[in-house]
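Record features (TrEMBL):
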type     : residues : note
COMPBIAS : 469-484  : compositional bias 'Basic and acidic residues'
REGION   : 450-492  : region 'Disordered'
TRANSMEM : 14-38    : transmembrane segment
TRANSMEM : 148-169  : transmembrane segment
TRANSMEM : 276-295  : transmembrane segment
TRANSMEM : 301-319  : transmembrane segment
TRANSMEM : 357-380  : transmembrane segment
TRANSMEM : 400-421  : transmembrane segment
Amino acid sequence: MSEGGTTIEYTPTWVVAVVCSVIVFISLVAERILHFFGKYLKKKNQKPLFEALQKIKEELMLLGFISLLLTVFQDRIAKICISEDLAHQWLPCKEKKEVTIEHFQTLFSSFLPNGNGRRVLAEPADSTAYCTTKGKVPLLSNTALHHLHIFIFVLAVVHVTFSALTIVFGSTKIHQWKNWEDYAKDMEDDPEGVVKTKITQVQEHDFIKGRFLGIGKNSEIQGWVYSFFKQFYGSVTKSDYITLRLGFIMTHCRGNPKFNFHNYMMRALEADFKKVVGISWYLWAFVAIFLLLNFVGWHTYFWIAFIPFILLLAVGTKLEHIITQLAQEVAERHMVVTGELVVQPSDNHFWFNRPRLVLRLIHIILFQNSFEMAFFAWIWVQYGFNSCMMGQVRFIIPRLVIGVFVQFVCSYSTLPLYAFVTQMGSSYKKAIFEEHIQEGLVGWARKARKKNKGSGFKRPSNESSQVGPKEESPLVFEMDKVNGKESSSSAV
């Protein structure tokens with residue numbers, strides 16, 4: 001038998017069979033649950049949520065590959081040697097006794113409550129001796145490598161869980177607006193309202209009275225302050241919904257005044273969920289930077305909690321301020337309007353004229369908050385509440401309070417605000433069409449483009465620029481363009 005523990009050669013066969021059977025059984029149960037959940041989503045025609053489920057499976061596959069790499073290369077990593085001086089720099093905790101090679105070999109496991117530095121993975125007998133003969137120490141012990149492995153798994157699970165909870169709670173909030181949608185449709189079907197020519201006093205409109213704060217620099221400052229606090233209570237009112245809904249329909253669906261804006265908003269949110277639930281490369285880069293800077297004295301685990309908190313407040317304030325800007329534009333230009341009050345959607349109201357940037361920021365907020373909660377849970381379970389990596393109680397309580405606050409506000413305020421306000425951009429999302437119509441339009445546009453390219457048609461110089469070999473609907477090409485943009489953004 002090896003010094004690192006009993007090998008398979010001397011392990012009872014029934015033990016090996018039982019352990020393998022239990023692991024395989026658990027894996028199959030998890031796979032079947034995901035499979036039947038996917039079939040349920042398909043049956044309910046929830047393709048965006050089904051694609052989000054596929055994204056979760058991709059993340060789990062990535063975790064499995066990371067686990068495989070850590071397992072296969074653990075011995076080689078343990079034989080990478082560095083000097084003792086370098087090994088004792090940037091430690092997460094202060095050393096309580098003289099540093100030895102044995103102490104470094106169990107760097108993270110020494111923080112366990114029992115302090116026995118037990119080995120979780122098989123520690124090769126010659127891993128320490130290999131570096132000792134060179135007067136150096138291993139780069140990373142197998143115990144620390146195993147703990148890192150667990151942390152990556154916990155992080156991914158917590159992120160997927162928190163993202164799903166955010167979407168569920170946010171969708172519940174948005175479903176409450178369904179009554180406003182029905183009310184708006186009833187107003188449009190009112191025969192008396194169709195016959196009469198309505199004159200709207202802009203300053204007396206509920207939307208303007210609730211959002212317009214005057215003209216000048218003081219009103220601009222007041223608008224930002226008002227938007228900051230508005231995100232915490234009644235972030236979207238009935239007048240906000242009805243007015244912005246009408247602005248969207250008059251801009252993008254003028255020929256369909258009975259367009260179901262609520263259903264479109266829900267389909268768009270479900271399509272965005274698959275982008276939020278994944279872990280992009282820049283989020284993994286953030287994890288690496290945090291692990292690098294999390295050394296004693298910096299309290300990085302405390303300050304990092306403020307990143308999602310500040311981003312959340314900034315995004316919520318910006319979204320509320322966009323609604324205020326829409327009201328400001330109408331109030332400054334008109335005193336009286338014929339018919340209903342209509343706002344003008346525009347990308348100019350968003351940061352860098354990019355409404356999609358808001359989704360990227362929400363993705364970062366959810367991930368960083370999940371990271372904070374996952375790191376806290378991992379330290380507590382792996383090393384105990386009194387671990388030096390956990391920090392003092394005066395640092396722990398604010399972190400937990402901020403984490404719960406971010407999750408709650410993002411679910412019930414910021415996400416519904418995003419789903420509503422980002423429709424006020426200059427263009428619409430492909431979710432404006434039902435799924436079967438989307439596929440038909442996009443396929444038609446692509447075939448038309450291929451046909452035009454293959455024909456090699458060239459317009460004569462004296463021919464009018466308005467004449468072509470075949471007229472195609474601009475709506476079709478717009479759908480293809482929107483589909484391409486969303487596909488490219490999801491690949492980042």
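For all residues, glycine too, the Cβ spot is worked out from N, Cα and C.
Taking pairs at least six residues apart, the transmembrane segment (357-380) and the transmembrane segment (14-38) share fewer than three Cβ pairs below 8 Å and do not count as touching. Residues 224, 227-228, 231, 235, 290, 294, 350-351, 358, 361-362, 364-366, 368-369, 371-372, 375-376, 389, 391, 395, 398-399, 402-403, 405-406, 409-410, 413-414, 417-418, 421-422 of the same chain lie 6+ residues outside the transmembrane segment (301-319) yet bring a C-beta within less than 8 angstroms of a C-beta in it. Here the transmembrane segment (276-295) has Cβ contacts under 8 Å with residues 52, 55-56, 58-59, 62, 90-92, 155-156, 159-160, 163-164, 166-167, 301, 304, 359, 362-364, 366-368, 371, 389, 492 of the same chain, all six or more residues outside its ends.
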